Amino acid sequence: MKATVKGRYEGDKATAAATLAFTPSAADLRFKASATDAAFARGPSLEGLILTLEKPGSFLLDLKPHSKDVRFQFMNSALLLDRRVSLTYTHSTTLSPGPAKLPARTALDGSLTFDPANKLSLSHTLGSSGCRVKYSYAHGQDRLTTIEPCFDTANNAWDFAVTRKFQGGDAIKATYQASTKLLALDWTRDSKIGASFKVAASFDLSDQSKAPKLIAESTWNYEI
């Protein structure tokens with residue numbers, strides 16, 4: 001059994017989340033229970049609790065008992081002309097008899113991997129007027145630098161992301177959303193003791209009077 005504890009600090013707010021994952025030795029299914037601090041803030045409750053059943057690379061089922069929201073996800077991949085093609089179908093809905101807080105949503109995601117350095121991805125939400133097309137290019141022999149331009153056809157806008165990995169588990173990522181003029185910088189570090197850390201800052205370039213938004217996260221993994 002594996003346990004994960006995550007802490008997040010955003011401005012003057014601090015949140016926490018915990019996940020327990022259990023994989024039967026005779027099966028390739030995985031059971032997970034995740035809870036945020038909302039499940040304990042006002043005494044034990046189902047708020048913030050997510051139950052997950054998954055078979056990695058095949059399907060995933062998420063259930064939020066408090067709101068009765070359900071998410072189904074099915075994925076598959078195959079070789080086509082020596083190129084890896086991956087497809088993911090995601091449907092989100094609610095089992096609550098009352099009016100749904102969020103409408104049902106169905107999304108299709110596909111990717112075509114040309115080689116270890118080049119991949120093309122496409123995302124489309126059924127009923128929407130457009131899709132997102134992303135190209136990923138990993139530069140260099142060790143592919144430590146990744147460049148990812150993305151075009152949103154619905155908003156006719158580009159997003160750009162550049163990630164640089166370093167020896168020792170450090171990585172720096174910069175993203176820019178042209179439609180919102182939002183610039184984000186992330187620094188992450190993976191520790192050899194089963195922990196990871198992330199510090200992020202975002203800047204609203206459309207209103208430079210706004211202070212940058214700062215976020216710090218820490219994640220700890222344990223074997224039980």
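Our numbering is plain: 1 for the first residue shown, then up by one each step along the chain.
The backbone N, Cα and C atoms fix where each Cβ goes, glycine too.
Swiss-Prot assigns A16 and G127 to the same side of the membrane. Of the given residue ranges 117-126, 197-206, Swiss-Prot assigns the label transmembrane segment to 117-126. Mean pLDDT for the topological domain 'Cytoplasmic' (65-70) in this predicted model: 88. Cβ atoms under 8 Å from those of the transmembrane segment (2-11) belong to residues 17-21, 213-224 of the same chain, restricted to positions at least 6 beyond its ends.
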